[in-house]
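Student: Could you have a look at this structure, given as structure tokens, before my questions?
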Amino acid sequence: MAEEKKLKLSNTVLPSESMKVVAESMGIAQIQEETCQLLTDEVSYRIKEIAQDALKFMHMGKRQKLTTSDIDYALKLKNVEPLYGFHAQEFIPFRFASGGGRELYFYEEKEVDLSDIINTPLPRVPLDVCLKAHWLSIEGCQPAIPENPPPAPKEQQKAEATEPLKSAKPGQEEDGPLKGKGQGAAAADGKGKEKKAPPLLEGAPFRLKPRSIHELSVEQQLYYKEITEACVGSCEAKRAEALQSIATDPGLYQMLPRFSTFISEGVRVNVVQNNLALLIYLMRMVKALMDNPTLYLEKYVHELIPAVMTCIVSRQLCLRPDVDNHWALRDFAARLVAQICKHFSTTTNNIQSRITKTFTKSWVDEKTPWTTRYGSIAGLAELGHDVIKTLILPRLQQEGERIRSVLDGPVLSNIDRIGADHVQSLLLKHCAPVLAKLRPPPDNQDAYRGEFGSLGPLLCSHVVKARAQAALQAQQVNRTTLTITQPRPTLTLSQAPQPGPRTPGLLKVPGSIALPVQTLVSARAAAPPQPSPPPTKFIVMSSSSSASSTQQVLSLSTSAPGSGSTTTSPVTTTVPSVQPIVKLVSTATTAPPSTAPAGPGSVQKYIVVSLPPTGEGKGGPPSHPSPVPPSSSSPSPLGGSALCGGKQETGDSPPPAPGTPKANGSQPTGPSSPQPAL
């Protein structure tokens, strides 16, 4: 049976009727049966031949599925024009459908809700296409610009700075002195023999690279000139652009020696001249260089650290120390020193320990002026909580007595008094957070006074504030908030006062509004001279599901005291299937006495609440609305309003803040109810 089936498949040919159909479509009415049979055999052979060639292409492509491209290649191999049209990269999953005697294959597309398309915000406008030219090479050298890759990566700069012997140097060959030193330094021929000395004198002479002057190109010299002039110039816009270029340009590796020398010499000259502005500009240059991710400043720290520390502990940085704010420069430079210690301090260079020793030595000295004392404390405090705990807290009592002797003693110098005040503020600022972590609550001023002296009460108050601020920040971190950036439309219905019963009104909010805020304001005449009875409070609640919306009709009744008449105003509210925001508006305005009717009236306050469905989008059952409290409970403390009746207002802006006048002139007499957190 298997052999017969294979034989049947191998002799499969097209039916002769198909040839007749093709001939009739071409205008040939009568064709003989023998001719149809010959054409059928020929077409079947050609189709099988093309299929075999296509299978060969499939096998050569190491694929398991035959594609249309294989058929095209087979047709091209036979010099047959291939089929033209659109080709899909993936197989299209067609679905089959039949009905009415017809068979149809179609591509199933995903159904898209029209409301989703309408409510989807428009995408951002794409940027315009622009072309920018830059130099790939100038005289055979690649320029160091942001468009080109950096000439030396940061890892290579670090390797050259920390391990210069391991980096490949030009002029040193494989059989040079480095290789001889590495192989012959620890070589031993046998037991009992002494180690051979390094063959430095026996081998070939050293090939020393001649000292060359590192010259900058004309473009780099021009860039250096423009950058330095802009950084210390008078134009703030150019200075900002220059600092941004220093912080982001990847091609400044060759100009780092010039920049470090410029900063070092600039600080040395301007400290003598007490030029505070230029010192600030130079420190901003240091900050920009440290922010550049492509630069490694290890080889230039020996020039930058003295310049920065000079701006911290210098006795005088400006011409008028009692007026100019040189304290901000000392704080900024202290943060720079802390950043340098964080990035470049190792167990080999001990940068942080040496800087800490310098600051401590200047602070402990009794003859140190208050400006230098402030800078030393700021530099130590910026190094971290461990430094504060170890070096600053044990000396708080002595420093507090020194500060008290200046502030409470006879006035010797206004500069000393200002400096002592700044030192006291600095100590309270940095020590309070550390003490809040070290000491358990509660905080007692007597205990602080006994441990820290005159600074104890002030430290206690600052520690209490630090604890409260930390607790507030923890609450803000743990609280989940939802920020809604879409505009909130407000729909307000105002009715004019009528002597007779009010007519029913219908209020509907369209479902296309994303987050509606519904506000119903009941208008009445001016307040009567006698005190009005407590108003009636109505709460309208509705729940919505993903399939349909829930409508509730609530009759609002107002009755004048002492009369038997009752006014009924049913309001029907349609809530869309989204989560609206609860909005409460209650206003009251006194009309002129000439237009106010004599009869008393009542006031209504409406709260519209819509609860989201429990399993929205997941097929879960909708949530049930909360029970509506009776209208007679919880009288409202807010009054009504006299508005221009018969006008419907719809706005796209958020509702006004409490206490602001509305567009129709009415003002709220009491605070609105707080909006619940979403």
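Each Cβ is built from the backbone N, Cα and C atoms, and glycine gets one as well.
This is the feature table in Swiss-Prot:
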MOD_RES   THR120  phosphothreonine
REGION    142-201  region 'Disordered'
CROSSLNK  LYS196  SUMO2 cross-link
MOD_RES   THR248  phosphothreonine
MOD_RES   TYR253  phosphotyrosine
MOD_RES   SER264  phosphoserine
MOD_RES   ARG524  omega-N-methylarginine
REGION    524-574  region 'Disordered'
COMPBIAS  542-574  compositional bias 'Low complexity'
REGION    611-678  region 'Disordered'
COMPBIAS  622-632  compositional bias 'Pro residues'
MOD_RES   SER626  phosphoserine
COMPBIAS  633-646  compositional bias 'Low complexity'
MOD_RES   SER634  phosphoserine
MOD_RES   SER636  phosphoserine
MOD_RES   SER653  phosphoserine
MOD_RES   THR660  phosphothreonine
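Help me picture these features in the structure, burial and contacts included.
Tutor: DSSP gives THR120 (phosphothreonine) a coil state; it is part of no helix or strand.
For the recorded site, THR248 (phosphothreonine), the DSSP three-state label reads helix. With a cut-off of 8 Å between CB atoms and residues at least 6 apart in sequence, the same chain places PRO146, ASN292 near THR248 (phosphothreonine), listed in sequence order.
All protein chains included, TYR253 (phosphotyrosine) registers 20 other Cβ atoms within 10 Å of its own Cβ.
In the three-state DSSP scheme, SER264 (phosphoserine) is classed as helix.
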Student: Let me spell it out: for each of the modified residues (THR120, SER264), count the other Cβ atoms within 10 Å of that residue's Cβ, using every protein chain shown. Which one has the most?
Tutor: SER264
Student: Write down the Cα-Cα distance for SER264 (phosphoserine) and THR120 (phosphothreonine), rounded and given in Å.
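Tutor: Between the Cα atoms of THR120 (phosphothreonine) and SER264 (phosphoserine), the distance comes to 57 Å.
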Student: Cα-Cα separation of SER264 (phosphoserine) and TYR253 (phosphotyrosine), in Å?
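Tutor: Counting only the Cα atoms, the answer is 18 Å.
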